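Q: Sharing the feature lines straight out of TrEMBL:
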- Gly132, Glu133, Ser134, Gly135, Ala136, Gly137, Lys138, Thr139: ATP binding site (BINDING)
- 35-758: domain 'Myosin motor' (DOMAIN)
- 602-624: region 'Actin-binding' (REGION)
Amino acid sequence: MLQQVNGHNPGSDGQAREYLREDLQEFLDGEVLLYQLDDLTRVNPVTLETVLRCLQARYMADRFYTNAGCTLVALNPFKPIPQLYSPELMREYHAAPQPQKLKPHVFTVGEQTYRNVKSLIEPVNQSIVVSGESGAGKTWTSRCLMKFYAVVAASPASWETHKIAERIEQRILNSNPVMEAFGNACTLRNNNSSRFGKFIQLQLNRAQQMTGAAVQTYLLEKTRVACQASSERNFHIFYQICKGASEDERLQWHLPEGAAFSWLPNPERSLEEDCFEVTREAMLHLGIDTPTQNNIFKVLAGLLHLGNIQFAASEDEAQPCQPMDDAKCSVRKAALLLGLPEDMLLETVQIRTIRAGRQQQVFRKPCPRTECDTRRDCLAKLIYSRLFDWLVSVINSSICADTDSWTTFIGLLDVYGFESFPDNSLEQLCINYANEKLQQHFVAHYLRAQQEEYAVEGLEWSFVNYQDNQACLDLIEGSPISICSLINEECRLNRPSSAAQLQTRIETALAGSPCLGHNKLSREPSFIVVHYAGPVRYHTAGLVEKNKDPVPPELTSLLQQSQDPLLMGLFPTNPKEKTQEEPSGQSRAPVLTVVSKFKASLEQLLQVLHSTTPHYIRCIKPNSQGQAQTFLQEEVLSQLEACGLVETIHISAAGFPIRISHQNFVERYKLLRRLRPHTSSGPHSPYPAKGLPEWCPHSEEATLGLLIQDILHILPVLTQAAATPGDSAEAMPAPMHCGRTKVFITDSMLELLECGRAQVLEQCARCIQGGWRRHRHREQERQRRAAMLIQAAIRSWLTRKHIQRLHAAATVIKHAWQKWRIRMAYLAAKELDGVEEKHFSQAPCSLSTSPLQTRFLEAIIRLWPLGLVLANTAMGVGSFQRKLVVWACLQLPRSSPSSYTVQTAQEDQAGVTSIRALPQGSIKFHCRKSPLRYADICPEPSPYSITGFNQILLERHRLIHM
């Protein structure tokens, strides 16, 4: 009873475990459907076992990408799958309205980052952190992302800019084989392991087109040039030279077939990365011409011969160690290929120069055999590291854009994964330190920051336990005492370093750290660091010397005297240039150590990551043998535990990874209020905005709060529109929470809001298109009417002009006719007046006529034109009257018509020229073409249609003969 009152039931824990076991068994029994789960947040319950079984089922079904909330899990298929990375598939993910609804893919992350840049949501710059252990596929993933951006971020307008963009993209892609050839090597875990870290910054302009890129490298494992672990190889470029060089090049570089080199182990292994032609072609595209390439390969061949120089121990310490007999040829070839004097090269390696005292007196001391080997290795590492840095600078100068030509960037971080070997030294310590920092960045961004921010913003949140690696970071880099500080202090002390003494100092000074372990059974001095991915034992032997990375000044001076053009550029003789390897003798300032330089570059990298929106891709290696369709649960389980994937799934499933300030949220989604129902009062949104009325004291904040509430009231409409008949209530998006200054939403809710925003923008676009079409139709109709009015006005104007021309022509015809008529009347009157006077003078009294008749005849004579008109009249006048009028007008005697003759004088052209009365009483007509057009042409000839004066006279002639 007391136990129940206190709220504790002893059987409750066992009952809960039984329920969990039942749920787990129920989940695992449905394994046939596990490969269909694209997101591990849908796994219920979320445990290492259920996540492992789900990944295994998807891997065996050839589904190598799985979402884990805010992270993409990528399983290495260990086999080529061309259709999975084809350009067509890239365009499909780029053109998809919602790429998240497609199958999980690395292209989904690439498209999400690209759309984030286009949306201009702060922070605009994006970064993708590709993590995982060696051999998990980080380099391949980065290469696929670069190809994706080269395809989707290139859409220039003109052909010239298209060619420029293609050249930039090709150079960016060609930087991969060059960097991999000089920076990758075959290790126990991976045939193409990156032995350096790189951060590739893809630069975009305002139109989101890729204009250039920049590469920054971190901690090249230059010790691999002179020292390779068992069953591992040197950098790829050395094997490419030996296998791909032509006969002439072999003669020039002194690389005969079957030659053995100490620094070239396992040459019999043939790898895909040993393609020499691909590297040469890529270098050519980057602007490294063939003579420069040959110079580079000649120097690398000189390093291989330098590694074959072996020294014999000297019996007398005062005498330098001499090279072995079979190494003398190697000394000569190395000096020849490096452009160095043979004697000076051998002397610099054999004898150490010491400067002591205030006078800087120079002492020459022969080196023992081990130191000779160390100085030889140091010379090779110095040349190779300078050559690698020079290649990076050449690549950057070839692909980097001007500062004014780009505004945003997408960063790709490809760093070496967590490493744990039987013999771990400073390189593994730095690599694992970088992975600890990146893990902390992930935890800080997705786990710890969310929980802390939820509490500050006043959200009700059930906190999830996560693995915090701050204690491990304090052990490695903490202040004032840490492993790095103790190693640096040993470097500053001018005393011989002791591995056992360094182990004792570390164990004593850091004894209280929970992440420091001890291995009492180890015979070699070492210490153990418990990393987030597991414990790693580091040997202290050689740790201080590697951290110093000492470069004797005489080695630098030797290389400055080289006659080789490449080495002359890598080691200039300008005395003003002080390198870190050559500190001043009077200066007591410590030389910058490897750990210090790496820590500074790592801090700079993290600052860049903190200023961007990060995206994470966790690469998982299914097995360590690199075999396809092989899934070893033990190895995958250790990787899942190392990257904290289960905690990531928990926090992603229950949390709100997206946080937007109130101002930005309102500015982006206030247009969703257009979808609000028209009812003035309706049900409140099921997504409450908690605390908004209370914490808005100012008018601006109150306005933002009201706008956010209006937007939240639209969410039910969006949810119902997005829901399908088969969806259940549990499948609906998680509620949106409003904090004091930010809005917290899930990925699904963000997708819902973006869909609603796209819907409103589409409606607005349609409205604008409809308005524009109406406006264009009205403008076209107005223009058509105006054109019709203009055409009508033009036709009216032309008609008026035509009528005016016709009127003018008619006026001209009228005036011409009047002039012609007057002239003809004058001529006819003149001729007839002469006949009349003669007639009356000859027979004044012969005619017995009355005065009335005389007056009638005089009237007829004077009015002869009227007679002409009457004679031309077809109807209405009798035949006798016509004859009478004609006879009267022409003064012809009616008694004897046969006494008169009518004569006509016709020329070629018709027309009346004159009428003459012959003295004998005959009439002669002179016919010529009339001055009036068509005056003598009858369009419709008829018995009474008479045109022109000639036809009137002819009619008279016909009447006379009648």
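The backbone N, Cα and C atoms fix where each Cβ goes, glycine too.
Where the annotation comes from TrEMBL, it is an automatic prediction and has not been curated.
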Q: Would you list, in sequence order, the residues of this chain other than Gly132, Glu133, Ser134, Gly135, Ala136, Gly137, Lys138, Thr139 that have their CB within 8 A of the centroid of the site's CB atoms, where the site is the one recorded for ATP?
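A: The answer, listed by sequence position, is Asn76, Asn190, Ser193, Gly417, Cys619, Lys621.
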Q: Below 8 Å Cβ to Cβ and six or more residues apart, same chain only. Which residues does that give for Gly135 (ATP binding site)?
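A: The list for Gly135 (ATP binding site) reads Asn76, Thr187, Arg189, Asn190, Asn191, Ser193, Lys621, Ser624, Gly626, given in order along the sequence.
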Q: Based on DSSP, tally up the residues of the region 'Actin-binding' (602-624) by helix, strand and coil.
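A: Split into helix, strand and coil, the region 'Actin-binding' (602-624) gives 9 helix, 8 strand, 6 coil.
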Q: State the count of C-beta atoms found within 10 angstroms of the C-beta of Lys138 (ATP binding site), not counting that atom itself.
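A: The Cβ of Lys138 (ATP binding site) has 27 Cβ neighbours within 10 Å.
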Q: What is the pLDDT of the domain 'Myosin motor' (35-758) when averaged and given as a whole number?
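A: On average, pLDDT over the domain 'Myosin motor' (35-758) sits at 83.
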